[in-house]
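Okay, so here's the structure we're looking at.
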Amino acid sequence: VVCLVAYHIFFMLFVWSYWKTIFTLPMNPSKEFHLSYSDKESLEREPRGESQQEVLRRAAKDLPIYTRTMSGAIRYCDRCQLVKPDRCHHCSVCDKCILKMDHHCPWVNNCVGFSNYKFFLLFLAYSLLYCIFIAATDLQYFIKFWTNGLPDTQAKFHIMFLFFAAAMFSVSLSSLFGYHCWLVSKNKSTLEVFRAPIFRHRTDKNGFSLGFSKNLRQVFGDEKKYWLLPVFSSLGDGCSFPTCLVNQDPEQASTPGGLNSTSKNENHLFPAKPLRDSQSHLLTDTQSWSEISAKAEKGKVGMSNPALTMENET
């Protein structure tokens, strides 16, 4: 009875998390990151050069973006015609930009990104527990198979196959799950491991890492009761992320949380409050986002953006 109850608990959690990973649609950049109709016309009309730089500079001046391309250009997607938010990448399979894209997984036929990364982690965890449980409960019968302790029927070959399949999947899943646990602890994605994010001042492979505890809460949220359930509880909006960097750009005043503000319009959606209220303590322990933005507004005096070169990424 205990084994049956444990089996069905692991099985239901495995199926639930697998279902959520498959059918949760990847989140795309919000409309604020899309170029306006006039900007699109200007970008298409102007030749590559300073004129196009000016169009992108104007479109991105109020957006909370701090990463750049290798050449120092604003990250722009010519297929989606939008300014890419930090940690956003264009998926060639889905043919659209995915927020905090980790990778496109053929096993779930879906992009793993901000909207379903927690579900993907739980899917790996519960499938690993499921396989380990099956291998452990089948082990005694597998030993009897080799010692000729089982009746000579076709069922004994099923026992052998079941044990080998569960054991092999356990080994492969443990390595993959361990790798993604390391990614969560460092607040990295698979793409960022192979190509470190480039900020305005330099490349920093740990630019988004805030420490183990805060990195964990960015994926699983503040409420621990939801950590083991495949329900969405990740912090933030997927478009902007706190960083550990200080003085990223000479035109920006540094903040205690390392995330600077470039807002010039108080009525604009960014960066007045791009993160959920529950994530405010990830930025700073003493000041709210709005207070930091107000101080950053006062700290900017007569400085202009450095020249940026447009570079398209796919």
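Glycine is treated like the rest: Cβ placed from N, Cα and C.
Since we're looking at a predicted model, the values are computed, not measured.
As annotated by TrEMBL, compositional bias 'Polar residues' applies to 252-264 (among others).
Look at TrEMBL and you will find 280-291 (among others) tagged as compositional bias 'Polar residues'.
The DSSP breakdown of the domain 'Palmitoyltransferase DHHC' (74-193), given as helix, strand and coil counts, is 66 helix, 18 strand, 36 coil. According to TrEMBL, the feature domain 'Palmitoyltransferase DHHC' maps to 74-193.
Marked as region 'Disordered' by TrEMBL: 252-314.
Positions annotated as transmembrane segment by TrEMBL: 6-25 (among others).
Feature annotation from TrEMBL assigns transmembrane segment to 119-137 (among others).
Taken from TrEMBL, the feature transmembrane segment covers 157-179 (among others). With a cut-off of 8 Å between Cβ atoms, the residues of this chain six or more beyond the transmembrane segment (157-179) that come close are 121, 124-125, 127-128, 131-132, 134-135, 138-139, 141-142, 145, 150.
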Inset, instruction - Please average pLDDT over the domain 'Palmitoyltransferase DHHC' (74-193) for the predicted structure. - result: 92
